[in-house]
Amino acid sequence: MRLHQSPPRLLVCILSVLQVSAGLSSNCRCMPGDSCWPSLNDWARFNTSIGGRLVDTQPLGQPCHDPFYTASECNELKQQWTHPELHDASSSSIMSAAVANETCDAFTPRSKPCTLGAMVRYAVNASSPDDFVQTIRFSQERNIRLVIRNTGHDYAGKSTGAGALSIWTHSLKEIDFLNYTSAHYTGPAVRMTAGIQGTDINPAAHKKGLVIVGGECATVGPVGGFTQGGGHSALSSRFGLAADQVLEWEVVDGMGRLLTASPTQNPDLYWALSGGGGGTFGVVYAVTVKTFPDFAVTGVVLQFENIDPSSNRFFEAVGHYHRHLPTYTSAGGMAIAQITNSSFLLTPLTLPAYTAAATKKLLGPFLQDLHQLNISYTLNVTESASYFQHYMKLIEPNPTQLVQNAQYGGRLLPLDLIERNNSQLTDAVQKLTADGVTFVGIGLNVSSSVTGDIWNSVLPGWRTAAMTVILTTSWPLGANLTKMKILADKMTTKWVPILTALSPESGCYMSEADPQQPDWKQTFYGRNYDSLYAIKTKYDPLQTFYATTAVGSEDWQVEAGGRLCQATRKN
């Protein structure tokens, strides 16, 4: 499939970009209140040019603050605040408490002024690629920061920015199942536009007797940063990462060109978008990915407690779990284990094409280890006739589906670590959890033995990983911001380095990481970075697209008040 744009529109856009390049000489993007900021009449004319699709940001938490306070609305907001559906239906709301910075929080005092802070100033509720083109052009002509957003599932603040104009893709809801034919793949596929979420595609695929490699969180959008950043799934040990399934992209680049990117058309852009991160190479309108026939699935939930902290039996059991984990992932399983200093919760272990009997046999050696340690546990093994049924039973109800305010860090841990130095991993888990950190280990196998010969820009450390780890510490609603920032700094300087010492070369999944990661280029992109930067320069020569820790972001810096300025070059 190849999309075409009329030559007159394309020519006008390219000429416009060339003409405005001189207008981008300012070292900083324009902000509200600047003399270069568009007037209300300018915004009105732009709104007319895009069919009235401009959204003026009204902060979601506004009803909880004077002079807009409404008790009933505020109470309802507080009840719904941790539900992602509340935020992903907004063009501007920020799920991450660290990024939102209490600028308009439903849980801060009513008397505290409600400001936009890091929220975008305006958004374009896009309905077509032409809306992308028009918005890119306007942002370039007016030297305005531009960001891309679907749902706002974003720990690092990539999809928002103070004084920014957002391309909001949330209304683009098309799903087309097709038989795809190319030199590289022939078989079932699905084309999804940029606003699709798991809540849309999962039931649609199920009705067709198919599955896709999508996220564990149902409200995440598979077309944006999820797949563009790699994207792990409960089906990853069976099929690979989400980025491994991409057949082609439809994308508007920084020159306003609507392009198809596949292994044969603009292959460098295809390679970059498939794992090199979102928000920086262009605005994706649609993606076409592989689909697979559905199958029966068995799910496991296993829990035990640290009832005797004076002994080391609990962490011995954790060590045994990690020792057995490669057996589960080699069988096509994907495991999510949450470990604190008081409890271990596996919820769930997903085993495609396994029966309950086969699953219990697979778990047998680990359960025997627990018996020998005299550790009591609860175990539930659930068979489902389809992956969708399994998802709705064991994954969708999981508390991790809620907005999780926390300090985040992460690391990919290689299989070699478990096989050779599992005791060091156990010591690290014990040290981290003793400090109040939750260790979430997502066990999977996306090596070449699973994916085959894949060509994309996924961080190489994924291919040798036994698990991707997320570290979190609690961020209660209404918590003291200063105290939370202290914990965030500890994540950067103390807790993440514990895992880095275990696997200094592996890197980290960019979408579940410390936003303050010091060596982010190496950690998130590895040896791919220089090639990704060259592709960024080719398709976005004016550096229209910026996102925190995205490729090319080192050329910019966020200054006081959120102003985005060109970074000072070091000699």
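These residue numbers are counts, starting from 1, taken along the chain as shown.
Every residue, even glycine, has its Cβ placed from backbone N, Cα and C.
Keep in mind it's a predicted model, so treat the numbers as computed, not measured.
Listed features, source Swiss-Prot:
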- 115-294: domain 'FAD-binding PCMH-type' (DOMAIN)
- ASN47: N-linked glycosylation site (CARBOHYD)
- ASN101: N-linked glycosylation site (CARBOHYD)
- ASN125: N-linked glycosylation site (CARBOHYD)
- ASN179: N-linked glycosylation site (CARBOHYD)
- ASN341: N-linked glycosylation site (CARBOHYD)
- ASN374: N-linked glycosylation site (CARBOHYD)
- ASN380: N-linked glycosylation site (CARBOHYD)
- ASN421: N-linked glycosylation site (CARBOHYD)
- ASN445: N-linked glycosylation site (CARBOHYD)
- ASN480: N-linked glycosylation site (CARBOHYD)
- 1-23: signal peptide (SIGNAL)
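Features recorded in Swiss-Prot, as mapped to the structure shown.
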residue: ASN47; record: N-linked glycosylation site; DSSP (3 states): helix
residue: ASN101; record: N-linked glycosylation site; DSSP (3 states): coil
residue: ASN125; record: N-linked glycosylation site; DSSP (3 states): strand
residue: ASN179; record: N-linked glycosylation site; DSSP (3 states): strand
residue: ASN341; record: N-linked glycosylation site; DSSP (3 states): coil
residue: ASN374; record: N-linked glycosylation site; DSSP (3 states): coil
residue: ASN380; record: N-linked glycosylation site; DSSP (3 states): strand
residue: ASN421; record: N-linked glycosylation site; DSSP (3 states): helix
residue: ASN445; record: N-linked glycosylation site; DSSP (3 states): coil
residue: ASN480; record: N-linked glycosylation site; DSSP (3 states): coil
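Rounded to the nearest whole angstrom, the C-alpha distance between ASN480 (N-linked glycosylation site) and ASN101 (N-linked glycosylation site) is 11. Across the fold, the C-alpha of ASN47 (N-linked glycosylation site) and the C-alpha of ASN125 (N-linked glycosylation site) stand 11 Å from each other. When Cα-Cα distances from ASN374 (N-linked glycosylation site) are compared across the glycosylation sites ASN125, ASN179, ASN341, ASN445, the shortest belongs to ASN341.
On a Cα basis, ASN125 (N-linked glycosylation site) lies 25 Å away from ASN101 (N-linked glycosylation site). Around the Cβ of ASN125 (N-linked glycosylation site), 20 further Cβ atoms fall within 10 Å across all displayed protein chains.
Cα to Cα, ASN125 (N-linked glycosylation site) and ASN179 (N-linked glycosylation site) are separated by 31 Å. Listed in sequence order, the residues of the same chain lying 6 or more apart from ASN421 (N-linked glycosylation site) and placing their CB within less than 8 Å of its CB are LEU502. If you draw a 10 Å sphere around the CB of ASN101 (N-linked glycosylation site), it holds 17 other CB atoms from the protein chains shown.
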